[in-house]
Amino acid sequence: MATTEANTMAQANSQTTIEPVRHLANFPPSIWGDQFLSFSLDNSQLEAYSKAMEQPKENVRRMILNPAIDTNEKLGLIYCVYRLGLTYNFSKDIDGQLDELFKQLNLQSYNEADLYTISIHFQVFRHFGYRFSCDVFNKFKDSSSGKFKEDMTRDVRGMISLYESAQLRIRGESILDEAGAFAESKLKTIEKTLDGTLAQQVKHVLERPFNRGHQMVEARKYLFLFEEEISRYDSLLMLAKVHFNYLQLLQKEELRSVSKWWKDLDLPAKTLYVRDRVPELYVWILAFFLEPYYSEVRIITTKIVLLVLVLDDTYDAYATIEESRLLTHAINRWEVSAMLQLPEYMKPLYEILLNEYDGFYKHGRTNVIETSKKAFQDLARSYHQESEWRHAKEVPSFEEYMKIGTTTSAHNVLSKTALIGMGNIVTREALAWYESYPKIVQLSELIGRLEDDVVSVEFERERAPTATSVDAYMKTYGVSENVAVKILKKLVENGWKDLNEACLKPTEVSLDLLAPIIGLTNMTDVAYRHNDGLTFPEKTLKEYITLLFCVPVPM
């Protein structure tokens, strides 16, 4: 009897499947559902917008090229053009004008200029890569105290522009460090005394300086907050409104296309543990380029960033360490046969990944595709290393962590993936530059990793024993969390300074080739400055998606 009972229990135990422990994150669901799937592009409306832009565009071009317009007026016009996201329509015209104006520049002529004028000139030249000297701001400092003059605060418009100028600083420009701190402090005080549009302008610049913003969202907000200033140029105001609505239609069609692809894959249903973030990640990639002719770049890169997110959540929020090793091995092999060794839930992701990259070969840029693929494999290996640390409950040294953590920012794979659809601009030399792991990519990764870690450290600790850069820094240097966070934020600020310098002429490659790197970095700041905007999109990205795709600009 006892033997029979023992045999029965043994048989039952052998048939029992022990469910592995998984560090589920319980991510919030998509707040959009299938909302963007139902969009239908109205080609007649698109054509109407295109036609409506023709004359205003020509009028603005004539103003940019008009030799009778003085320097202040011309630079003010160019400032409005790029703040409104219109630069690509006039790139050659603007470059030609700025080259001439910069050659003629005489810093002595700024001795009598006001704060607003000097700040606008500084921003325009720095934005387009010219090494405009920050010494022009010395005149606003008190000669005895060495501090900025208090009476500057009466010029609110000038203070806003001074704060924007400070965001373009590079290392060694201590006067701009001081200017940024001074302007921020005074604007926070001034904001409490203001109302109406001026109060909104101050609030916005403190929340989101242009140099760290999403260019399409910033265009929309600039159009609303500064319409009175723009209205001096009737044609520019009309062009900006029509242009935004024109791009909105095109971008909604791109978002519909990607949403349908995602829906057809049915990955969220097959991998219930992942974040479903199609509109949010499309907005992320939209930060690269606004140009209509880069539509394919946006679609390709959005598809890959969605697969990156699934991969991230698989390693981070679901896979056991054994499954993680199998997935990494399969991605390293990059063969259909490798799928056989994977758990069932991983097979759809792996199959889709291989199919998507196979589809890219129709572009005929094998070397570019291989560069993206290698970066994806490197990303998988780095995700796996983080899994090994988590499994061992190990906190690596700060140096060890950053070698891996910068890669898992995914900036390298996404910037290289963008090259697939960029055409002949990606020369052999340009690709070699990207493959050399240039400093600007390293800076982008550093900023991305540290900003993400600083805002998500508590969430990661609550969910699983996951080491972040904060933990690694605390362990390596024996400091408190507050001290570690303060130091990491300083590293981020220095990263921005170096990034600004990398965009000054002469650049190693064209600005178009730098755009994906800059766009990724800006979106990191947008999403992670105050919270984890990708995991909890209702806090930041919901507003962006609403502004971009749900409401056209009133005409």
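Glycine is treated like the rest: Cβ placed from N, Cα and C.
As annotated by Swiss-Prot, Mg(2+) 2 binding site applies to D312, D316, with the evidence given as similarity to another entry. Taking Cβ-Cβ distances under 8 Å and a sequence gap of 6 or more within the same chain, the neighbours of D312 (Mg(2+) 2 binding site) are Y383, T408, A410.
Summarising the environment of D316 (Mg(2+) 2 binding site), the number of other Cβ atoms within 10 Å of its Cβ, over all protein chains shown, is 21. If you look up Swiss-Prot, you'll see D312, D316 marked as Mg(2+) 1 binding site, on the strength of similarity to another entry.
Annotation comment: Swiss-Prot describes D452, S456, E460 as Mg(2+) 3 binding site. Taking the Cβ of S456 (Mg(2+) 3 binding site) as centre and 10 Å as the limit, one finds 20 other Cβ atoms among all the protein chains shown.
Sequence annotations record features per position, and here Swiss-Prot assigns motif 'DDXXD motif' to 312-316 based on a curator's inference. Outside the motif 'DDXXD motif' (312-316), and at least 6 residues removed from its termini, the chain residues within Cβ reach (under 8 Å) are 23, 25, 27, 271, 273-275, 324, 327, 346, 349, 380, 383-384, 386-387, 408, 410, 466.
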Provide the three-state DSSP residue tally for the motif 'DDXXD motif' (312-316): helix first, then strand, then coil.
5 helix, 0 strand, 0 coil
Confidence summary (mean pLDDT) of the motif 'DDXXD motif' (312-316):
96
Using a Cβ cut-off under 8 Å and a sequence separation of 6 or more, which residues in the same chain sit near D452 (Mg(2+) 3 binding site)?
S409, T524, Y528, D532
Report, in whole Å, the straight Cα-to-Cα distance of D316 (Mg(2+) 2 binding site) from S456 (Mg(2+) 3 binding site).
13
Would you mind reading off the Cα separation of E460 (Mg(2+) 3 binding site) from D316 (Mg(2+) 2 binding site), to the nearest angstrom?
10
